[in-house]
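A.B. asks: This is the structure I want to talk about, given as structure tokens.
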Amino acid sequence: MIIVTGGAGFIGSNLVHELNRRGRTDVIVVDNLTRGEKALNLADCVIADYYDKDDFITLIEADEGLGPVEAVFHLGACSATTEWDGRYMMRNNFEYSRALFHWCQDRRIPFIYASSAAVYGGNSVFTEHPEHERPLNVYGYSKLAFDQYLRRYLDDLSAQVVGLRYFNVYGPREQHKGGMASVVHHFSRQLRESGQVRLFEGSDGYADGEQRRDFVDVSDCVRLKLWLLDHPEVSGIYNCGTGRARTFNAMAHAVIDWFGHGEIEYIPFPEHLKGRYQSYTQADLSQLRAAGCDLAFNDIETGVRNYLDAVADAPAVMPS
């Protein structure tokens, strides 16, 4: 069995879909389907079993058997960078991860979990070293806290453990995320509604729409996860991005080009985001490459085209 926590979410459901495509249906999904629309992400997938996230953690803490488990992909978390309830965030993102990590170590089960580029905050250097880690929000801190906790164990592991620091991920099956969905999702909706894409005016010394992020295709994130599963000798914390920052203007033009029409409107930079916004991110892939991973990552032109082609063919994952 392969366990995927957050398996009905954005990256998790794409992982389940790819596992199915590779012939794996022995997948246990763990999630919280209070928001039932997430279930649509799994409508075209086959799974072996499902557990609510609270029931699952109770199950493993009680040391009840789940049968042979090949690997745990831990993607379940509160990923809202605008959430400031620290107690809620730490319970969901830190304490849950800690319990699952020890459960896997006790059973020698590979544990591949989701960290985040939010740990870097406003830094201009994005290498996996403590001196560059200064999160700007409690979400980023909750991810950093677990990375710090894990580092204490890296020299004495019983099985593979990998944390992937995701940069700005986009792709199908993110429609349930609302305001936290990628800019591709929002640009697509805006174009359909008004014929315009809205971008922030300049900030932090960047011109209008020239803020830069490392936008990474969800399919590449999934391929990297499965590469890691095939390389159990690799453990550690690694960036997951393309290694190339691109402007929001460039991303907007990639979406406009797919639709064949549209204009850009620049709107004032929100007051509540000042001092809490990453105007520049770019994954340093040196450590990932040194670990032997030679996977190529899609540029935004390819990734956006693949994304919008996919959702055009599958209304259930269409931006709305």
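Each residue, glycine too, has its Cβ placed from N, Cα and C.
Okay, these came from Swiss-Prot:
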BINDING   10-11, 31-32, Lys38, Lys53, 75-79, Asn92, Lys143, Val169, Lys177  NADP(+) binding site
ACT_SITE  Tyr139  active site, proton acceptor
BINDING   Asn168, Gly179, His186, Phe200, Glu201, Gly202, Ser203, Arg213, Tyr277  substrate binding site
ACT_SITE  Lys177  active site, proton acceptor
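How buried are the listed features, and what sits near them?
C.D. replies: Sequence-distant neighbours of Lys38 (NADP(+) binding site) (same chain, 6+ apart, CB under 8 A from its CB) are Ala8, Gly9, Ser13, Asp31, His176. Under DSSP, Lys38 (NADP(+) binding site) is assigned to a helix (H, G or I) in the three-state scheme.
Taken residue by residue with DSSP, Tyr139 (active site, proton acceptor) is part of a helix. Same-chain residues at least 6 positions away in sequence with a Cβ under 8 Å from that of Tyr139 (active site, proton acceptor) are, in sequence order, Cys78, Ser79, Ala80, Thr81, Glu83, Met89, Asn93, Ser116, Ala118.
Taking all protein chains in view, 16 other C-beta atoms sit within 10 angstroms of the C-beta of His186 (substrate binding site).
A C-beta separation below 8 Å, combined with a sequence spacing of at least six in one chain, links Lys177 (NADP(+) binding site) to Phe10, Ser79, His185.
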A.B. asks: For Ala77 (NADP(+) binding site), which of these binding-site residues sit within 10 Å, Cα to Cα: Asn168, His186, Glu201, Ser203, Tyr277?
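C.D. replies: So the list is empty; none.
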A.B. asks: What is the interatomic distance between the Cα atoms of Lys143 (NADP(+) binding site) and Asn168 (substrate binding site), given in whole Å?
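C.D. replies: Roughly 15 Å, rounded to the nearest whole number.
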A.B. asks: Since the record lists Ser79, Asn168, Ser203 as binding-site residues, which of them has the fewest other Cβ atoms within 10 Å of its Cβ?
C.D. replies: Ser203
A.B. asks: Translate the DSSP assignment of Phe10 (NADP(+) binding site) into the three-state scheme.
C.D. replies: helix
A.B. asks: Out of these binding-site residues, Leu75, Ala77, which one has the fewest other C-beta atoms within 10 Å of its own C-beta?
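C.D. replies: Result for the binding-site residues Leu75, Ala77: minimum number of other Cβ atoms within 10 Å at Ala77.
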A.B. asks: Does DSSP give His186 (substrate binding site) helix, strand or coil?
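C.D. replies: Going by the DSSP assignment, His186 (substrate binding site) falls within a helical segment, counted as helix.
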A.B. asks: For the binding-site residues Phe10, Tyr277, which one has its C-beta crowded by the most other C-beta atoms within 10 angstroms?
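C.D. replies: Most Cβ neighbours within 10 Å: Phe10.
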